């Protein structure tokens, strides 16, 4: 079986190579010759203009410059990195780590023979460490721009024509940036809820939740997705009573159902409360705190839930406000996403879009891949992003990471499949460090053993998932992973054992 799976992978790689050297080369030959003209052009016009300096935008700008294209990036914030680096992925992970250290010191260190007379939170210092990390990283991107000779314009850009962007600069001026190819990479914004006004004081978005000046006694989180559960974890560890209100009947709907149930139990053991199938129908902020009026999603008796703060984390929406897309005729769908083809080109020639403003997972790493692929197409090369193989991670503790199909999705496809599971309780490294809550689950096609999806709940699951991502990218079988020697003792052995359980039997359970 192993030889068959390796042979299948070799054939797959050969087929990819063949498709590139023949059909793809022919497909892009005219574009390649066009792009080679960029270097000899005497025009002051940019080859590439990127609107937005977030993960998709700044990566696209750097990659374009590396490919020899004259590039300008426009960013309204005045600091590169977008939502992710400034008020999203990075500061939230800083607080998740800091709060986890405090929680471990308070609740777990004594089990390892490390004792303190007292442990306390210095919230300003914790916020200072977060802010320092953000500042260093934003400066780092500016350094990369200088290294790669990317022109950086600080201001708010809007289209004048398909090849011109008017920028109201942050210093009060205005300039027009011209480009042969303009990439929209303006990201996303917090999705609002009817009747719930975010004031960033008592009712906050994730941005406000990252900068609270006190530890709330009671925090209500509206929305049981990635952001809500991560921020709920931060403040819960620091001492807040956390209640999560979710309209749907389950948390993190993109997660595998079996893993989701185990994950919710883990969060509940940490003190997080859930009110599922519940909607917010009223908000009262006239007092010192917030009073939410709730009722069942299907209708019924109303209840009042009081909190010091409310975090609205009901998802995100594409941010295209003020770009004047209608002026140049760029088409969007009914929820505001820009429509593009498989080369990220909009319906307007020379205008492209990537990241959160187009369909696909709203994830920073997906936006980065979009950015690289988009400029590769512009430069006459071949770009590719497979949205079915983009990993997702919830950075709580334990973390949950997944790539590929859930069991529910596989069933819906009507594919005959096998499931292999391995609990962290049977993993020697997890037991040795006394952190063994979790499971690894693999789904594979029954006939071929091709891996269809991998789901991991464990400490550092976000690091472990990439072995699975590579396996899916190259159509590997579960036996391929099972026959790879994994270092002992490591948590990655749980993935190996789950793979063994998928095609045969595990050793340690």
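Cβ atoms here come from the backbone N, Cα and C positions, even for glycine.
Marked as domain 'FAD/NAD(P)-binding' by TrEMBL: 47-371. Summarising the annotation, TrEMBL assigns disulfide bond to 84-89. Residues or ranges marked as FAD binding site in TrEMBL: 93, 157, 186, 187, 188, 356, 362, 363, 364, 365. TrEMBL lists 223, 224, 225, 226, 227, 228, 229, 230, 246, 315 with the feature NAD(+) binding site. What TrEMBL records for 390-499 is domain 'Pyridine nucleotide-disulphide oxidoreductase dimerisation'. Taken from TrEMBL, the feature active site, proton acceptor covers 488.
Taking Cβ-Cβ distances under 8 Å and a sequence separation of 6 or more, the neighbours of residue 227 (NAD(+) binding site) in its chain are 92, 206, 313. For residue 84 (disulfide bond), the same-chain residues lying six or more positions away in sequence with a CB closer than 8 A to its CB are 54, 55, 90, 364. Counting every protein chain shown, the Cβ of residue 89 (disulfide bond) has 20 other Cβ atoms within 10 Å. The two recorded residues residue 246 (NAD(+) binding site) and residue 362 (FAD binding site) have their Cα atoms spaced 20 Å from each other.
Take 93, 157, 186, 187, 188, 356, 362, 363, 364, 365, the residues named in the record as contacts for FAD: the widest Cα to Cα gap among them comes to 30 Å. Nearest neighbour of residue 186 (FAD binding site) by Cα distance, taken over the recorded positions 89, 223, 225, 229, 488: 89. Neighbour counts of Cβ atoms within 10 Å were compared across the binding-site residues 186, 188; the minimum falls on 188. Candidate recorded positions: 89, 188, 362, 488. Nearest to residue 229 (NAD(+) binding site) by Cα distance: 89. Distances between the Cα of residue 93 (FAD binding site) and those of the recorded positions 223, 225, 488 are shortest for 225. Counting only same-chain residues at least 6 apart in sequence, those with a Cβ under 8 Å from the Cβ of residue 225 (NAD(+) binding site) are 251, 252, 253, 313, 314, 315.
Between the recorded positions 93, 488, the minimum number of other C-beta atoms within 10 Å of a residue's C-beta occurs at 488.
Across the range of the domain 'Pyridine nucleotide-disulphide oxidoreductase dimerisation' (390-499), the DSSP-based residue counts are 41 helix, 33 strand, 36 coil. The two recorded residues, residue 89 (disulfide bond) and residue 223 (NAD(+) binding site), have Cα atoms 17 Å apart. Among the listed binding-site residues, namely 362, 364, the Cβ with the most fellow Cβ atoms inside 10 Å is that of 364.
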